[in-house]
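What Swiss-Prot says about this one:
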REGION    1-45  region 'Disordered'
COMPBIAS  1-12  compositional bias 'Polar residues'
COMPBIAS  29-39  compositional bias 'Polar residues'
DOMAIN    79-408  domain 'Protein kinase'
BINDING   Ile85, Ser86, Ser87, Gly88, Thr89, Tyr90, Gly91, Arg92, Val93, Lys109  ATP binding site
ACT_SITE  Asp211  active site, proton acceptor
REGION    426-467  region 'Disordered'
Amino acid sequence: MSFSNLPPSSGRGSHADGASGRSMPPFPGSSSFTANNPSKGIHPNLTLKRSVQSFDESLDNKKPLPFSYASKVKLREKYLIVGFISSGTYGRVYKAKGRDGVGGDFAIKKFKPDKEGEKVEYTGLSQSAIREISLCTELNHPNVVRLVETILEDKCVYMVFEYTEHDLLQIIHHHTQPQRHAIPAPMVKSILFQLLNGLLYLHSQWVMHRDLKPANILVTSKGAVRIGDLGLARVFKKPLNSLFSGDKVVVTIWYRAPELLLGARHYTTAVDLWAVGCIFAELLSLRPIFKGEEAKMDSKKTVPFQRNQMLKIIEILGLPKKEKWPGLSSMPEFPQLQAMAMAPGSGHLHKPSNLEHWYHVCLKSGGYSGSSPAGSPGKEGFDLLSRLLEYDPEKRISAKEALNHPYFTTGTPVAKNCFEGFEGKYPNRRVSQDDNDIRSGSLPGTKRSGLPDDTLTSRAAKRAREM
């Protein structure tokens, strides 16, 4: 069973992927589509090349539960808490089972209250929590995590999501233990297609995710990919404030686009596509392609130039050139880039792009070939990767264009279940009975500003210890 392929784009337009409104989520259904039904709709200028079964099947033919804000519902009367999953600056996440006719498993996110000074004061929800709740309430797509309901109880806010058994960080880690073995090429293709399909939907709804990374890409036990954690997502159509003024730091450092590293005050959905390119490379190599060290803010909360991260990108892609990126010289941190290029011992930075060599070494070391069981992403895979990791955000491929790329439209059809044909088994998500404080009325307070404190470095280390 395979996904249909979207037709070639008639033009780039803006990075909103041709969004003209919020009424028609652009994802493929069966051989026909209904514009008035968002669960089966498609953008009006898209048609199908191949007839396939509806994406609705990825929801197991179950209609989404009606969303509700429940202020009088008692959490523990409706859900049985199984255990603790993870924590972040926002709060904690727990696994739960439905009670009394509410079947299935759920992930419950409990938000910490904001704090003033050292004493916890219930000053309201953080901007991040409000954004996530409001966006998840409106969004509905098979490749975006589904919010079931939001519960307010004892001054705490709980978001109840569908439960997903895996995420890409867990899957990548599994393929490095006990020894490295490649993720099969058909699985990589399916994961990437579903990720781009969900991203196309978000962008068509004028939503920028701004924190795509393996840990935030969820996968169900039936191989359906869901984009999760919309805490840094932002509606970019006619924003009240500039994107930079609202959040000065977005996207986890290893997945941060060069325009962000160079201090862009205005940016587009292209930052999400750069992150997808980084995720694509990581699925193939089983390690981050640009693994830099993050420079922290000083006491004045000044955003530093991320020199080391920029260096990691240059070592593979070469120095960005004004001739190929016309807006480069207008970037606030362009003088810092010039200083890097002219510093003593910087000769190696002036070499041409090394991405193609990196790609072929990656395929060889991973055992990817046309005759191997894992298959190979081939030259089409490299072309797509190079278009995702394009320096100039105006030239970077969009989600819509990427879905029409030959990597997806030729060769083996894209499997709707990314685990299709995979003979191995991934371990279930770790659920701990320790540190399970969802029954308490409060949590240590926090204020979320920019990215979570538990960056990928610490999170990956923590996940590795737990698995």
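Just so you know, glycine gets a Cβ as well, placed from its N, Cα and C.
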Among the binding-site residues Ser87, Gly91, Val93, the one whose Cβ has the most other Cβ atoms within 10 Å is Gly91
Averaged over the domain 'Protein kinase' (79-408), the pLDDT of the predicted model comes to 90
Rounded to a whole number of Å, the separation of the Cα atoms of Ser87 (ATP binding site) and the residue listed as 'active site, proton acceptor' comes to 17
